[in-house]
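J.: I'd like to ask some things about the structure below.
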Amino acid sequence: MPIEKRQKEQVKMITPQNILNDPFLNKGTAFTRAERKALGLTGLVPPVVQTLDQQVAQSYDQFQSKSTDLEKHLFLMEIFNTNRVLFYKLFSQHTVEFMPIVYDPTIAETIENYSELYIQSQGAAFLSIDEDDATIAETLRNAAGGRQIKLIVVTDAEGILGIGDWGTNGVDIAVGKLMVYTVAAGIDPSSVLPVVLDAGTNNQTLLDDPLYLGNRHPRVRGHRYDEFVDHFVESAEALFPELYLHWEDFGRSNAANILNRYQEKITTFNDDIQGTGIIVLAGILGALQISKQKITDQIYLSFGAGTAGAGIVQRIFAEMVAQGLAPDEARQHFYLVDKQGLLFADDPTLTPEQQLFARDRSEFSHATELTNLKAVAQAVHPTILVGTSTQPGTFTEEIVKEMAAHTARPIIFPLSNPTKLAEAKAADLIAWTDGRALVATGIPAADVVYRGITFQIGQANNALVYPGLGLGTLAATATRLNNAMISAAAHSLGGIVDASQPGAAVLPPVSKLAEFSQTVAEAVAQSAVAQQLNREPIEDVSAAVTNLKWVPAYQS
Ligand SMILES: NC(=O)c1ccc[n+]([C@@H]2O[C@H](COP(=O)([O-])OP(=O)(O)OC[C@H]3O[C@@H](n4cnc5c(N)ncnc54)[C@H](O)[C@@H]3O)[C@@H](O)[C@H]2O)c1
Ligand SMILES: O=C(O)C[C@H](O)C(=O)O
Ligand SMILES: [Mn+2]
């Protein structure tokens with residue numbers, strides 16, 4: 001059916017109940033008397049007409065009465081499900097407090113308990129590998145419900161944060177990432193769609209759980225899986241021609257492959273590879289501003305060289321090359337450690353991303369002993385240590401002290417999420433290095449007071465960058481997201497740090513998220529336009545970014 005006809009049909013079907021049940025239309029007690037009269041809502045909400053601000057204040061009071069983070073999350077999702085304007089107004093006024101509730105780390109709990117907590121699908125599209133191709137298109141069309149979708153976050157949930165394979169439950173990460181897009185960068189919530197690709201699960205707990213709501217079979221791999229992904233992309237691109245497609249939390253064997261397959265063809269982005277690369281580069285640039293050192297003098301040790309670890313290395317490497325090193329020379333600055341220890345080129349199990357940075361055994365007299373982080377740290381004296389290993393507590397006092405013995409300002413980023421998986425705690429890193437470590441963590445960390453100095457801990461979470469990156473790409477109507485745009489994003493963030501302050505954070509604070517998302521977006525859009533990647537003519541990049549932003553306010 002043509003869109004106009006469908007819209008007319010939909011208008012005909014609007015009943016007072018439909019309005020109250022539609023989170024994009026519902027205003028609850030904020031409907032004016034005239035609106036209540038005109039829409040047949042008289043008497044369907046309590047008599048007092050409230051302002052949005054009054055609703056926000058009342059909801060915040062209720063939020064504060066909840067005792068656990070999970071209860072708080074569920075309460076906020078109730079508001080999200082019923083009234084998007086109220087949800088985003090409330091979220092935007094309490095961003096720092098709500099981020100860990102709405103998003104990581106609490107979202108890990110909602111994913112692990114998805115079936116038990118299930119109430120409704122939060123507007124997501126559930127695609128199953130067991131359905132035919134026509135059903136993929138039909139599902140996307142149904143979920144869009146006539147809306148023009150510009151942004152999809154899709155996951156197959158094989159590698160949710162560091163907690164592994166969560167099958168269909170992983171849909172919550174797509175919902176959560178999208179909420180951050182809106183609060184941080186003003187992406188219109190009616191233009192987004194969370195999608196889960198259910199290819200099965202290898203999580204035995206889910207397979208054994210009678211309440212599990214996804215496909216109850218092992219993960220399908222190989223050709224059938226690739227076809228499933230291809231059909232999803234083809235359908236989504238055909239239905240939504242201006243789409244920006246964001247991939248989240250795919251497993252190590254698929255994430256990079258999928259990105260490589262599409263990044264030259266459509267406007268697409270992998271958050272764990274590229275988003276994490278940008279935020280870590282920005283954090284390192286911030287740290288080097290404080291230590292007054294050059295990136296080309298750093299020795300980089302990646303602990304956990306999976307999707308995120310290798311993605312970050314790729315970005316830091318590109319930066320060293322951009323700063324003047326020859327590629328072969330730059331490669332010498334990196335050491336990758338995974339389960340087997342230091343990665344060597346003769347190891348047949350390496351991923352293609354790891355192979356690029358694998359070392360030669362002949363470089364070391366005791367190569368066979370380099371099977372753990374401690375031995376490698378002792379052998380190579382890293383100046384930067386980044387953890388994406390999912391192994392909690394692995395940055396031990398001994399290893400950190402060993403590292404700090406060879407460098408004045410060790411840069412240490414334990415990034416594994418959620419909180420329970422972090423390689424170290426910020427306070428320990430500061431104490432073990434006598435306040436010399438330049439630290440960023442994956443989840444929010446409280447200030448650390450050490451010997452009279454208050455150390456602020458930057459949050460190296462891709463949430464600080466992907467919203468601005470997406471906003472900039474969409475505002476520029478960019479046909480691709482390429483390396484130059486990604487590099488522009490990282491540089492725009494790195495410059496925001498106040499290096500003169502003792503204990504300054506290496507990254508800007510979450511309290512300024514909305515502000516620096518605009519900065520990131522402008523840098524990205526500028527780069528796209530300068531490269532002539534824009535679909536539409538753009539005169540004023542900053543205006544294009546500002547004009548695209550949605551603000552939570554009721555329309556009459
Ligand atoms: N802060 C952020 O923005 C951010 C972004 C992406 C990922 N992460 C976190 O990074 C972690 C990894 O995510 P991923 O997507 O790269 O997962 P992944 O599975 O692709 O990578 C994890 C890697 O760690 C390795 N590993 C496992 N045990 C190890 C051990 N004992 N010693 C050394 N290496 C070991 C695995 O072999 C794998 O290569 C997760 O906890 C995730 O939450 C954080
Ligand atoms: O989701 C997050 O908090 C960051 C990152 O994408 C991750 O997978 O850990
Ligand atoms: Mn992720």
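Start at 1 and count along the chain as shown; that gives each residue its number.
Glycine residues also receive a Cβ, built from the backbone N, Cα and C atoms like all the rest.
Bear in mind that TrEMBL entries carry predicted annotations, made automatically and left uncurated.
Checked TrEMBL, it gives:
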DOMAIN    80-263  domain 'Malic enzyme N-terminal'
ACT_SITE  Y103  active site, proton donor
ACT_SITE  K177  active site, proton acceptor
BINDING   E248, D249, D272  divalent metal cation binding site
DOMAIN    273-529  domain 'Malic enzyme NAD-binding'
BINDING   N417, N461  (S)-malate binding site
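For each feature listed, report its degree of burial, its nearest neighbours and the pertinent distances within the displayed model.
T.: Taken residue by residue with DSSP, Y103 (active site, proton donor) is part of neither helix nor strand, so it is coil. The number of other Cβ atoms within 10 Å of the Cβ belonging to Y103 (active site, proton donor), over all protein chains shown, comes to 21.
In the three-state DSSP reading, K177 (active site, proton acceptor) counts as helix. Sequence-distant contacts of K177 (active site, proton acceptor), defined as residues of its own chain at least six apart whose C-beta falls under 8 angstroms from its C-beta, comprise Y103, V153, P194, H246, E248, D271, A463, Y466.
DSSP assigns D249 (divalent metal cation binding site) to coil in the three-state reduction, outside any helix or strand. Long-range Cβ neighbours of D249 (divalent metal cation binding site) (same chain, at least 6 residues apart, Cβ-Cβ under 8 Å): T155, D156, A157, E158, G159, I160, L161, G170, I173, D272.
Of all the Cβ atoms in the protein chains shown, 24 others lie within 10 Å of the Cβ of N461 ((S)-malate binding site). Following the DSSP three-state reduction, the secondary structure of N461 ((S)-malate binding site) is coil.
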J.: So which of Y103, D249, D272, N417, N461, listed as recorded positions, have a Cβ under 6 Å from an atom of ligand 1?
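T.: Among Y103, D249, D272, N417, N461, near ligand 1: D272, N417, N461.
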J.: On the three-state reduction of DSSP, what should I expect for D272 (divalent metal cation binding site)?
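T.: In three-state terms, D272 (divalent metal cation binding site) counts as helix.
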J.: Other residues near the divalent metal cation site, CB within 8 A of the CB centroid of E248, D249, D272?
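T.: So the extra residues in range turn out to be T155, G159, I160, I173, W247, F250, A255, N270, D271, T307.
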J.: Looking at the recorded positions K177, D272, N461, which have a C-beta within less than 6 Å of some atom in ligand 2?
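T.: From K177, D272, N461, counting a Cβ under 6 Å from ligand 2 as near, the near ones are D272, N461.
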J.: What recorded positions among Y103, K177, E248, D249, D272, N417 have a C-beta sitting less than 6 Å from any atom of ligand 3?
T.: E248, D249, D272
J.: DSSP secondary structure for N417 ((S)-malate binding site), reduced to helix/strand/coil, please.
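T.: Where N417 ((S)-malate binding site) sits, the three-state DSSP reduction gives coil.
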J.: Relative to the Cβ position of N417 ((S)-malate binding site), how many further Cβ atoms are located within 10 Å?
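T.: A 10 Å sphere around the Cβ of N417 ((S)-malate binding site) contains 22 other Cβ atoms.
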